[in-house]
Amino acid sequence: MSSHADSKPWTVPALAQAKREGRKLVMLTAYDAGFARTFDANGVDLILVGDSLGMVVQGHDSTLPVTTADMVYHTASVARALDRALLVADLSFQADATPERALDAATQLLQAGAEMVKIEGAGHKLEVIRYLVEREIPVCSHLGLTPQSVLRFGGYKVQGRGEAGEQLRRDAQAVVDAGASLLVLECVPTPIATQISAELSVPTIGIGAGPGCDGQVLVMHDMLGLDSGHRRPKFVKDFLAEGGSVAGAVRAYAQAVRDGSFPDAEHAYAA
């Protein structure tokens, strides 16, 4: 279990404290109360209600069809089950197109029980991040492979190799300067993700970004080895096979993140 007291709910300042103390953060996605309750009781520090629900719950080929109403419904379902994990919810595709639209969507998510909202990308999103933070809404940034940009990327590909790694470093610092309290790095080569994590004052959460991040996140279906109807990424590991039950799988995943055994080189990308 986490060294963060079991009875003490996670807060945004506690995340930064964990980074300063070198304690790895454990994050999983959840979309309903039943799984969220199990994750919360078995060592997960942060729950992400991701727009990945479009693929693993609704059966779409991407996250693009997910709406703010979808996100609010699933966020409220998860929030009712949590005692200690901090709840992060995605802003859906184009909900953050303007600061005003982002504020409306973020307000709905916080009213549904989220404690932080996640925004993909940098660039014009920096204005959105600043706008929300100035209005007391905590923000998690998401860089690297950002699924809402899948059409521009031409598929789900590793990001940040070569010269693109330097731009990723600049973007990471920029989102923190704009006020982000947490940063998800997805499908980023281990060396650049490790460097970014060392340079930033806020925690980084990796998904396919190697062991040098300050924590890890997986889509719950991937962590449990469930067939989501999509190709399994390299960084995915089936913890249900060794855990023997859903609760056991969650504990095995949490322990592996905390002791540094996951992800290993087999579940990460080289430079």
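Note: Cβ is positioned from N, Cα and C throughout, glycine not excepted.
3-methyl-2-oxobutanoate binding, as stated in Swiss-Prot, involves Asp51, Ser52, Lys118; the candidate among Asp32, Asp90, Asp96 given for that site is Asp90. On the backbone, the CA of Ser52 (3-methyl-2-oxobutanoate binding site) and the CA of Glu120 (Mg(2+) binding site) stand 13 Å apart.
Taking CA atoms as the reference points, Glu120 (Mg(2+) binding site) and Glu186 (active site, proton acceptor) are 11 Å apart.
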